[in-house]
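Trainee: Take this structure, written in structure tokens, and hold onto it; I'll ask about it next.
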Amino acid sequence: MRLLIAASGTGGHLFPALAVAQRLPQAEINWLGVPNRLEQTLVPQTYPLHLIPIEGFQQRFSLKTLRILWQQIRSIWQVKKLLKTLQIEAVFTTGGYIAAPAILAAKLQGIPVILHESNAIPGKVTRLLAPLCHTVAIGFQNTARLLPPAKTRWVSTPVRDSFLTPQPLDFPIPSEAPLIVVMGGSQGALALNRLVRLCAESWLTAGAYIVHLTGEQDPDVESFQHPHYFPRPFYHNMAGLLQRANLAISRAGAGTLTELAVTQTPAILIPYPYAAEDHQYYNAIAFEEKAAAQVYRQNDLTPQHLEQQVLELLKNPHQLTQMAQQAAQLAVLDSAEQLVQLLTSLQSP
Ligand SMILES: CC(=O)N[C@H]1[C@@H](OP(=O)(O)OP(=O)(O)OC[C@H]2O[C@@H](n3ccc(=O)[nH]c3=O)[C@H](O)[C@@H]2O)O[C@H](CO)[C@@H](O)[C@@H]1O
């Protein structure tokens, strides 16, 4: 199969697409992305990457809106040409603004599209263009009700292959010590970082180790130091890290949540308060409803409260085990496989 994957921008859009691509060794895969985004680091060693210069629309109308609209229209023709030149037979996209030209160009060329929407509240492009897709694969079961004219199928969200087998971890952490992993999504989260640094001392004193994924942009990254505290701007072996973690303190991006479920990691979730339509909160609630996580609104959460909640959990391994068991109930281990089947079924008469 000749497949175009349109996935761009953040880890949450790229890693699920890479997980599907990994499972299609026979396919001829080309990738559609945007300049200067994470795909330029993650994709070109494995797949030819084609870049189109587009941006997402801003909330408020301005002259820039017209420029973005023009970029979008132009990019539809660029993608249409690409589909033709590469003789693409199917398009797979994980949503976001790159999905718009990919879906519209595929529709003009009569090529079927599988769109994967990982979030509980679908993004704007998904809501608008879902009816043009062959199938919209969804990460959360409840999302189907928000996409009524489209054909939906719940598959959860794919995780990288490494999550499906035990991975070694290269941090010097004794096997009996509790490990807290702090994650702010693929770009880190400054507010979460500040909050955690205010609490870290007391968790470390209680015997925990901390791996803190800070993102690349934190100016205060060196402001807290301790021999059992490991800050990293970005870490690639997420599977090994989460398999070992006893507790995660995290934003609530859909990709991260799926990985927490697959690795059975109990979590304190602090959704990004400015995510479009508050979708991270609704992602997180699905985990809280199943008692797999505790959810706190960033604006209501004081450092004292977070510090206490974590200390309580560290003192109560039985509660952590119960949360881990509940997280396991949310895991769908063959999500990537289901998407591969959907894609390959497009070729059957
Ligand atoms: C601010 C915002 O709107 N973020 C959105 C974005 O987030 P973002 O890309 O942060 O979100 P996710 O949590 O879905 O995915 C992060 C991915 O990056 C990986 N990772 C992270 C840190 C690290 O050091 N190493 C690493 O590999 C994680 O393992 C995970 O696979 O896309 C997600 C999927 O549409 C949405 O749910 C999020 O709401």
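Note that Cβ sites are derived from N, Cα and C of the backbone, with glycine treated the same way.
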Trainee: Of the candidates SER175, SER186, which does TrEMBL annotate as part of the UDP-N-acetyl-alpha-D-glucosamine site that also includes THR10, GLY11, GLY12, ASN119, ARG160, GLN280?
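Mentor: Of SER175, SER186, SER186 joins THR10, GLY11, GLY12, ASN119, ARG160, GLN280 in the UDP-N-acetyl-alpha-D-glucosamine site that TrEMBL records.
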Trainee: CB neighbours of ARG160 (UDP-N-acetyl-alpha-D-glucosamine binding site) within 10 A?
Mentor: 18
Trainee: In this predicted model, what is the average pLDDT of the domain 'Glycosyl transferase family 28 C-terminal' (180-339)?
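Mentor: That stretch averages a pLDDT of 97.
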